[in-house]
Every structure is written in C-alpha cells, then in structure tokens.
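Student: Encoded as structure tokens, here's the structure I'll be asking about.
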Amino acid sequence: MNPFNRVRWFHGLFVLAFLLAYFTGDEGERLHVWLGYSLVAFLVIRLFTTLVKVKGFPPLSPTFRPGMAVSAVSRSLVVALLLAISVTVATGLTMVDNARVLGITAAAPANVVAAADEEWAESTIPPWLEQVEDIHELAANTTLTLAGLHVGFLLAFRRRFALNMIPGLANLAQCCSGLAAKIAPMAGISSSATKGTILPER
C-alpha cells in the first residue's frame, strides 16, 4: 500500500473511533468501552510508527527552526491532541471494571451479575470516581476542541495536505478548479482570478 494511503486510512479510522466513542459516552456502555480499547491500540501504533520511523508517518517532535513555524505549530497541535486523547483513555479505563469487560473474571449467571452491578453502583462507588469522570469529560471535550483547531489550521496553512487526507476530496477540488478555469473566459473573468485555487498536492 502507498505510504500516504496507509497514513490516510490510519488517520480516518482513528478519527472515526474517537467520534464514535465520544457520541456513545452516555448510553453506549459496552460499545463505548471497546471503542476506548481501540483508541489505546491506535495510540500505541502511532507511538510505534514514530519510534521506528515508519515511512509515510510524519514525526511528532516539533522543529523550531527559521522557516518551519507552520510545521512546528502543526506538530504541536498533533502532540497536544494525542496527549488529550491519552488522558481521556486513561481516565476512562480507570472507571471501568476491565477484567469483567475482557472476560478475565469467572463467568456468572446474568441475574447475579446484574444484582452485583446494581449493588456496586449504589453502595461502593469511591468518592474519587466522580472527579475522574469530570476529568474524563473535560479531556474528551478538549480533544474535540483541539481537533477543530487542527483541522482549521491545516485548511488555513496546509490546505493541499488537508484535502488529500480525505479520500476523493482532493480530486473534487481539482475538478472544480479545472471547471472554474473553463468557465472564467466565458464569463469574462481573467484567468489570473482562478490561479488562487489551491490544487491537491502530488
């Protein structure tokens, strides 16, 4: 597989997993937990690609050199995103009985499990758990905010790269640019007016 396509698929699945986890937080329960586990896997893979320098995956460490400001800010946003997701996942796993979810504990009849869950929920919730839940929600919302900043920054300063990250969108932009160039002379618009259109990176 082309290295860039590999990155694009990884990025798309990572984003999809986070969004699904975010929007299943209130009622998803088991699905929400398993999506959290998938985010752990994505974080480990991304760290691995950085350590072994897998082709196609950009390094994470910002480069603060003259002329590299855009790259430095972009990488800093990515690092902040990964840290926010890490806090979200870590606090989420703290609130879950992972042994039961993963089936490590011995199996028990459903009615016994339900009764035990209800009794635990009513009487044995530690007082610090609410604080962890607040941190979990704050980290998730922070991640979503950073993701918005990440997308906005790329569209403002690295639009070609941003368009290429979404399958089909770059080709659509190129088609629109070509169509605009053909229509411009008919409408009496100079060709220079269409040169500002940003084409996808090759």
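For all residues, glycine too, the Cβ spot is worked out from N, Cα and C.
Feature table excerpt (TrEMBL):
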type	residues	note
TRANSMEM	7-25	transmembrane segment
DOMAIN	7-167	domain 'Cytochrome b561 bacterial/Ni-hydrogenase'
TRANSMEM	31-52	transmembrane segment
TRANSMEM	72-93	transmembrane segment
TRANSMEM	138-157	transmembrane segment
Student: Would you say the transmembrane segment (7-25) and the transmembrane segment (138-157) are touching, if the rule is that at least three C-beta pairs must lie under 8 angstroms and be 6 or more residues apart?
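Tutor: The answer is yes, given that the two segments have at least 3 Cβ pairs within the 8 Å cut-off.
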Student: Mean pLDDT for the domain 'Cytochrome b561 bacterial/Ni-hydrogenase' (7-167), as a whole number?
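Tutor: 84, rounded to a whole number.
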